[in-house]
Structure formats: C-alpha cells, structure tokens
Amino acid sequence: MSWFGRATSDAPVATISQVELDNKIVEATSESIPNGEIDLSIAFEITDLIRSKKISNKIAMRSLKKRLTLIYLNPNLLLSSLKLIDLCIKNCGFGFLIEISSKEFMDYLIDFIFKIHYNTKELTYGHGGGDVGNKIKIGEMILKYLQNWKIIFENQQQLQYVEKKYQELKNQGFEFPDNNNNSGENDDFNDQVTQLNSKFVVDSEVPPDWVDNEECMICYSPFSMLNRKHHCRACGGVFCQTHSSNNIPLVNLGIMEPVRVCDNCFAKYDKSKKHSRNTSSSGDYNHQSRSIQNDYGGTHGSRRQGNNNDDDNDEEEQIRKAIELSLKESGAGGSGSGGPNSIPSQSRPSAQPPIDREPESETGNADDDEDAEMKAAIAASLKEYETEKSRQSQYQQIQPVQSTQSTQPESDLYNISFPTFSSTSNYPQPQFTASQPPPQQQQQQQAQQQAPSQDLSQAEEEQINLFITLMNSIKNDSRKQKDIMYDTNLNELYGKVIKLRPKLNKSLRNSIEKYETFLEMNNKISTITRLYDQFLEQKLNMAYGNHHISTQFTGVPQQQQEGQFTGSQQQQQQQQPHLPAQGTGYPRYGGSDTNVAQQQQQPPISPNEFYNNLPQHTGFQNYPSYPQNQGTAPDNSYLSQQPSGASTRQKQQQPPIQTYPNQLQPSEPDFEDDDNEEPVNTPQIRVAHNRTSSGSCPLYPTNDIIPDPYSANTNKSTTPNSDDHNYVAVSLPHYPPPEDLSNELPPQQHYVRRASSSLPPNAYEDASLKYPTLENVEHDYDKKKNQEQQQSVNESDFPDVSKVSQFNNRGEEDEGRRNSGASGASSNKKFVVEPEPLIEL
C-alpha cells in the first residue's frame, strides 16, 4: 500500500466518470450524422481521454460494448460505432488493445452481432430489398476491420485472440475482402503500408503505468509523512516534491492540461522544445540570408532568375557567395584598421567587389573563379591571424623586462623610514599615465585571463558529493547493489565524475603549490618582522640606556621571578641553616625565654631579611596571591606566596610579624580523641608528636617560651624529641597560635581568606564567633589546669549531683574551653554530655 490508501500498482486516479464517456460516445456517433460517419473532434477527445488514462481501459471497452448493444439493429449507427472503435484502436495505446482483443469484446462482436444479425453467408443480394444490402455491407465492414486488426495485432502475444477469431471465421468459409485486388505493382506498397500501420498502432505512445517505490528515484530519499511521494505522468516513476515540482502539458500522450512531471522528463521535453525553436529560427535565418544575398547579388540574382531549372545549384551558389562576402568584409576591415582588435563594420560592405567580379563570374568557368576567390579569402584570414599572433608574442617579450624594473624598488621596503638609505633615488621608477596601467598589473590581468580556471565549479562539486552520497547508500543496501547496472542516472553521473578526475587532480596540485608558496612567503614575512623588531628594540635600548628607571613601582626582573619557586628555594635553605624546612605544621622556635614586650621592642626586620627567613615548604606556594589593604595585617602564609618582585613600598609598610603557615585546616576540632589523651604529668612531647603526625591538631608554643628570632643559633641542636616543655598539645581550631597580637593586629581583625576547596566561605568568621578569643587562651589554660588538679584530688568514683549542676552553670564556659583545646588530657576524665549548641538563625 502506498501512502493514504491506494494500491501500489494502480494507475492514475480516473478524472472522468463512465457516464460522461458514454455521453461523448453518443455525441461522436450521433444519428444526425449521415452515412455512418463520426464527429472527428469528439472522437479524438475520446481517444485522448482513454490514452491519458483519465478513465480505465476496461471501462472504455465496456462503454463501447454498451453502445454496440444499444444500436446494433441500426446499420448506420453500427457503422459509425465500428469506425469509432477502429479510431480508438489506432490511438489509445497498447493497454486499450489488450481490452479490445479480450474474449469479452471479440466474442460479443463476432458471435452475436456478426453471425446472428450480419452473417454474410446467409444474406444474399436481391432478397429483402435495401435493408439486406445494408446488412451485407455492415457484415463486410466487420470482416474488413477484423482482418485489419489481425494484421495490426500479429506477433503480439497478448493480442492473439483476434488472430484466433480470424482463423476460425476463415475456416468456417467466410470470405474476407481482398486488400490486394489491385495490380501486382501495388502489392509491395500495400504490405509496407500495413506494416507501417501496425508499427504505428502498436508503438503508439501512452502514459506509462505507475510504479511504486519507497524512495525517490532521483535522490533516493525515503518517503515519510512529511516527504510525500508523487508520480510523474510522463514516465510513471515516483519522486519526492523537490524532484517533481514541474507541470507541463503532455500533448503526445493526449494530456492537454499541465500535469506533474519529474525533473528528467521536464528536461527532456524542454530540450525538444528548444530544438524545435532552433530549427524554426534557423529556417527564418536562411530565408533572411537568401533575401540579403539577393540584394547583394545584383546581376547574379537576375541571372539566377533566368535559370529557374537549376534551383539546387542556385541555392549552393548563394551560400558560397554569402561566405565569400563575409570573408572579404573581414579581410578589408582588418587591413584597413591596422589593429588586431578592429571589428569590421556592417555598413562597410559596398557593391564594388561584386561589380568588379561580375565579368569574371559571367565569363569562363565560374566554379574555378569562385574556388580561387575562396582560397584567396582563406589565405587573407590566415595572414591576419599570423600578424596578430606575432604582435602578441612581441608584447609578451617586452613585459618581463618592465616587470623586473618595477619590482626592484619594492625589495628595500623596510629602509624607507630611515633617511640614510636613499633607496628611491637610486632606482628609476616607470612613469604611467592614467589610461595605461603598470605593465606588471597588465601581465597579471592577462595571465588571469589566459590561464584556464583549474578549480571545480559549484555544479561539479555538487555532482561529486551526490555521487558519493549515492554510492554510500548503495553500499549499505544489497537491493540497490543488484540494480546498479540498470540505474541510468547513476551511470550517467559516474561518467561525469570520471571526466572531472583530471581536473580535480590539477586543482589539487595547483592548491598544493599555492600552499607551499604561501607558506614560504609567510616564513619570510615572519623572519623579516622578527629581525625588524630586534633592530627596533636595540634602537630603543640605546636611546633609553642612559636613564635610570626607578624600581619603586616596578617589579624585579623576570629571571628573579622565575627563580622564586625553583632555584631560589635551595639557595635560601643554604644561606639560612638555622631555619629547618618543614612540610607540615608550624615552624620551630628556638632561643632564650623572652616575653612579648621584648619581642615588640626589637628593631623591625628589613624586607630582604624577612623574605629570606620565610619557610620554604609551606604547602601553599602554588596558591594565587591576593591584594592587600594598607590597614590590614597580612596572613603569613599569604606573605609566603607573594612573588619576590613585589614593590619595596609595600614591603616597608608591612609590620614585622611571625609566619604561621598551614592555616587552611578543617575549622571543626576533633572531640573524639578526648578520652584517649594522656595525663598532664606525662611528657607532652609524645602527645604532640602523635597528634602532629596524625594531622588532627598542631603544636602551639606557650606565651612564656616564645623564642627570640635573632637567637635561633643558640638552640640550633634542639629536636622535637628533646623539647619536652616547649610545646603543649591543644585541640584548638587551626588558626594562628596563642600570641599577644594586640599590638600587631587591629581590634576588629578580619582575616584574609583564600580560595580553598576544604573550607566554606565564612569559616573564619564562624570560628571567631563560636570560640573564645586568642588573648584568653593561655590564661584559661592555666586556670583550667589548676582546677583539674584540685578536682582530681577531691574527685570520687562517681560524680555528685552538685557537680552536674555546677557543670550546667559553667556549660557555656566549659564548652568554649573544650573547643579551644586548652584543657589538659587526663586519664581519669569521664565523658560528660555536652549541651547542644544553639543554632543561630
């Protein structure tokens, strides 16, 4: 089934009903027409309807059979109906012939109408008057038409039933009319006419049957709900809307109104129309040329009028004279103008050349004279061609010399800006007028005109792409591979693509050569540009070499910046042996016991010394730097990642502060290890060492043992294992150690935050609100230590209710201290349920 409901092998939909066809048959064989004739105009309309398949062949045959059934008793109407049937057989195509030669129609015509009512063996002349004579005449006409149809249908397998009925009647003794009753000279002529008539009828062109396919027969695009299928009325194929959008009338198929055809049929019909127009226009041109030749012929025309018997010779002579005149006019124009591009004027031909040749043409051998004139004209045209070719060769030899002279000044292009090189005065420049372009430009234009284009046109590219698409679709479809030899469109496209192969190779070779040329020119331009930039930079360095550029607002050279994260680290470690490189945690502090006041009274460290004393492996060197405000103390790890090329002015504004690397740790402390902490009396270095190695909390020095940074050499041999009283394990959140930073930090300090994947945006603000300030950490630690010692003495095995109430009264204070990590680790400490923190809305 095709789309929306018709069988795949059906013919086009009928556009006329059987009643309308019956009415037309009645009009064609009307009773008002005398002597059994038919109305030819209506009869040919009927044949066009049947041939164009506006009505099916079977319905047309049955309409004619119905007409015979209604009028078989009237000899005149029966004769006109037989003539209409014969006309339809000769003009309605092979499909209608199959229906006429069927058993249904032929048995009714022969066995019923002829044998019963118009039997020539039973009817004799003289019996029954004129009525019998008319019947005998109708019977003979039936036998005559049957004999003609047998001749027409012979050698056709599907039309054998007519020949069978013919042989049956002949065996029964019916005498058929003899078509060869004339003299023997006309026998061959009658046979040729019969064969011609048979060929014409059998080969009469009719619209083909519609074929069905699931793809367009041109582009092979499958049909769908949007891509509808359409049948071509000329070839019967199925096509998409894109390739069947043309409508033309098909007169040769009996279709007078415009109908849908495919692109191939449209091109074929359009080509035939153009050919017919060209033939008609050539006939008009020949007629005009004859009139012009008669005008120029003078006495030749009068002489040809006298010789009316030799019309063919006169026509050949006229053509010869026309060619002669055209050649002479072109030769005269070329010799008179003196230029190769001069065009002979049409108003130039005069009557003198024919007048001078009149005696020659009238006397002697006219044919020999005309041949000599033709040879002279051809020689003149060849001579003119040679002179033009020599002029072009001389002009091309002069052009290379002029082009080399014009290209020399352009080679010194980069020296134009310097007055020392007078390049323009050493080379003469060619002078050109406004009407004459430079010879190099003329040569380029002429080369572009002479060199044929090697690139493929858009139509050729589309042909290649279409061929590739079709071949890819054929590779994936085995059904198409079987029919590939019968696909005329694909074979034609293959022939076109094969012809394009040499052109494609030339185009590819030309493109490769152009690419190599352009690449070489690009390399030259890059080299010249680089050399010019170096030269210009040297000039600028020489011009500004004597001036000193201040380094206050400029950076350190690039080499120093590059060495910040590479070689400078090793050099700093060698120059500062008293500062060990630490990968994690905080730097060790060595020296004598000092207080914070003494540390603040020390002279400020210079910027160079400060940056040299910074730890090298803080773990944050790869982080990007952030700008600093003037009133905000910078973070130490932030200072460690600043480039060494920072301005001196910013270094001088920074206070001498200590470095606290590795501050970006999880903001929430770990409370799960409180029960596993060791007692206070045990050495704290073990706890510190274990907790530092695990990474849960860092080591912080107390306020009483903060070292002097300038006396680091005195404690150079100290190790973490021997420093038993310098470090205390705390569970504070990981921000700077408990130092008195009141003089260094403003009261409302906002720490500089850096981008980190492990911290929320407001981690430090939340920590400062949730935990106690740094100033009270040491004091709270001492106080808590004393309280725990007293509690351990008076503590019983089970806590009292009063202690629980006391704990509730001090819940908020204990929570802050517990979170800050200032409490000592005790083995006898019991787990106490902490109150749930309030959620800030």
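The chain as shown is numbered from 1 upward.
Placed from the backbone N, Cα and C atoms, the Cβ positions cover glycine too.
The Zn(2+) 1 binding site feature in Swiss-Prot is assigned to CYS216, CYS219, CYS240, HIS243. Per Swiss-Prot, Zn(2+) 2 binding site is recorded for CYS232, CYS235, CYS262, CYS265, and the stated evidence type is sequence analysis. According to Swiss-Prot, the compositional bias 'Polar residues' annotation covers 278-296, 417-427, 592-665, 711-721. Taken from Swiss-Prot, the feature compositional bias 'Acidic residues' applies to 361-371, 669-678. According to Swiss-Prot, the feature compositional bias 'Low complexity' maps to 392-411, 428-457, 558-584, 819-830. For 776-787, the entry in Swiss-Prot reads compositional bias 'Basic and acidic residues'. The domain 'VHS' annotation in Swiss-Prot covers 30-177. According to Swiss-Prot, the domain 'UIM 1' annotation covers 314-333. Residues or ranges marked as domain 'UIM 2' in Swiss-Prot (evidence: sequence analysis): 369-388. Taken from Swiss-Prot, the feature region 'Disordered' covers 273-317, 329-371, 384-459, 558-841. Here Swiss-Prot flags 210-270 as zinc finger, drawing on sequence analysis.
All features noted in Swiss-Prot, drawn onto the structure.
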residue: CYS216; record: Zn(2+) 1 binding site; contacts (Cβ under 8 Å, 6+ apart): PHE223, LYS229, VAL238, PHE239, CYS240, HIS243
residue: CYS219; record: Zn(2+) 1 binding site; contacts (Cβ under 8 Å, 6+ apart): CYS240, THR242, HIS243
residue: CYS232; record: Zn(2+) 2 binding site; contacts (Cβ under 8 Å, 6+ apart): VAL238, PHE239, SER244, ARG260, VAL261, CYS262, CYS265
residue: CYS235; record: Zn(2+) 2 binding site; contacts (Cβ under 8 Å, 6+ apart): PRO208, VAL261, CYS262, ASN264, CYS265
Next on the checklist: Looking only at the domain 'VHS' (30-177), how are its residues distributed among DSSP helix, strand and coil?
Outcome noted: 108 helix, 0 strand, 40 coil
Item to check | DSSP-derived structure type at CYS262 (Zn(2+) 2 binding site), helix or strand or else coil | outcome: coil
Checklist outcome for this item: In DSSP terms, the domain 'UIM 2' (369-388) comprises 20 helix, 0 strand, 0 coil
Checklist outcome for this item: Model confidence for the zinc finger (210-270), as mean pLDDT, reads 86
Item to check | CYS232, CYS235, CYS262, CYS265 excluded, remaining Cβ within 8 Å of their centroid (Zn(2+) 2) | outcome: ARG233, ALA234, GLY236, GLY237, PHE239, SER244, VAL261, ASP263, ASN264, PHE266
Item to check | Among CYS240, CYS262, CYS265, which are binding-site residues, the residue with the most C-beta atoms within 10 angstroms of its C-beta | outcome: CYS262
Checklist outcome for this item: What DSSP gives for CYS240 (Zn(2+) 1 binding site), in three states, is coil
Checklist entry - Using the Cβ centroid of CYS216, CYS219, CYS240, HIS243 as the reference point for the Zn(2+) 1 site, which residues of the same chain not in that list have Cβ within 8 Å? => result MET217, ILE218, TYR220, SER221, PHE239, GLN241, THR242, SER244
Next on the checklist: With DSSP assignments reduced to helix, strand and coil, which class does CYS216 (Zn(2+) 1 binding site) get?
Outcome noted: coil
Next on the checklist: I'd like the per-state residue tally for the compositional bias 'Basic and acidic residues' (776-787) from DSSP, helix first, then strand, then coil.
Outcome noted: 12 helix, 0 strand, 0 coil
